[in-house]
Amino acid sequence: MASHDLLPFLTMVIVQLGYAGMNIISKLAMDSGMNPFVHVAYRQIFATISIAPFAYFLERKTRPKLTPSILFQIFLCSIFGVSMNQITYFVGLKNTTPTIACALSNLTPAVTFLLAIPFGLERVGLGTKAGQAKMLGTILCVGGAMLLSFYHGSIVPIDQPNIHWKYAQDMTENKSSTNHGNFMLGPFLLIVSAVSWGVWSILQARVSMDYAAPYSSSALMCLMASFQCLIIGFCFDHNLSDWSLRHSIRAVSAIYAGVVCTALAYCLMSWCIERKGPLYVSVFNPLLLVIVAILSWALLQEKIYIGTVVGSVLIVLGLYGVLWGKNNEMKPIKFDEEIGGEIKGDKEKEKKDMAMQLYEGNSIIVHATK
């Protein structure tokens with residue numbers, strides 16, 4: 001592997017390892033009794049603090065004017081892309097396993113494709129191989145999600161490894177004796193999380209066109225979400241002692257999620273997008289599922305079921321089907337750009353630009369706020 005290919009590859013592996021750590025640590029924090037609403041609120045606060053310096057120093061000279069219309073669009077993005085998305089994701093994670101949570105998060109491209117069709121940002125194109133691949137991929141993703149959500153089957157006969165993380169073992173034993181997750185509610189909320197992210201992608205496509213300052217818009221989005229999540233969190237948990245971060249795993253989980261999985265991940269993936277394109281970032285999504293499945297099995301003693309394995313495989317195959325179809329649709333546009341061809345008509349150009357922004361935003365920031 002050439003050096004110019006090795007660095008982006010290693011960067012994306014590091015990003016996926018970072019997100020795998022977030023899923024494991026967040027699960028342990030919530031198993032220790034941390035309310036997921038409290039976790040999400042703290043994450044937005046730490047994320048805002050982390051992104052704000054990048055927004056100020058990198059975009060202070062290029063930041064467009066912030067109009068009331070753009071501010072309202074960012075507000076809607078904060079509701080769907082952060083508050084609703086993360087609350088449903090982490091409450092779903094609390095009621096299921098990290099492996100299932102990561103598997104269902106791979107529904108996002110398929111859900112976004114379905115939601116983008118009515119807005120004219122995507123076309124079905126069943127007469128083309130690309131359109132057929134996207135539709136078949138969407139069906140496989142949805143089918144895999146349904147199978148994974150409602151069917152467990154027998155346990156895969158794999159012996160547990162002799163790896164003992166005492167803290168994780170104590171939390172696992174405590175959970176098994178005091179807290180039984182709702183394995184119907186968990187997958188349902190994770191699917192809602194994917195749908196809310198699809199809605200955010202539609203909104204973010206417009207924000208990216210009108211306000212070309214990704215760090216500033218992300219900082220504003222996280223700031224607004226901080227207030228939203230604090231209000232929602234206090235509505236569900238009035239006890240101030242539950243908001244304490246004196247418990248080490250809770251503090252580590254909140255800071256880790258905000259700093260590593262929002263600010264740092266955003267910067268790293270933006271760097272990769274500039275060099276390798278949005279599809280390159282997207283194809284690493286299933287790697288997170290594999291890493292989390294291995295870590296959950298090894299550290300959290302998570303049992304692996306036939307339904308989880310088959311459903312995850314279907315979702316990953318469907319994901320690659322959607323990405324392959326999208327990539328083949330974008331090739332003619334890229335070819336036109338390479339030979340200096342210009343797209344005729346302002347409306348047609350705006351639609352294609354919007355589709356590209358949607359595709360890029362779904363690839364990059366889906367990780368940055370998950």
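The backbone N, Cα and C atoms fix where each Cβ goes, glycine too.
Annotation comment: TrEMBL describes 10-149, 185-323 as domain 'EamA'. Feature annotation from TrEMBL assigns transmembrane segment to 7-25, 37-58, 70-92, 98-121, 133-151, 183-203, 215-234, 254-272, 279-298, 304-324.
Taking pairs at least six residues apart, the transmembrane segment (98-121) and the transmembrane segment (37-58) share fewer than three Cβ pairs below 8 Å and do not count as touching. Residues of the same chain lying 6 or more positions beyond the ends of the transmembrane segment (70-92) and with a Cβ under 8 Å from any Cβ of it are 26, 30, 36-37, 39-40, 43-44, 64, 101, 104-105, 185-190, 192-193, 196-197, 199-200, 203-204, 206-207, 210-211, 217, 220-222, 224-225, 228-229, 232, 365, 369-370. Mean pLDDT, taken over the domain 'EamA' (10-149), works out to 86 on the 0 to 100 scale.
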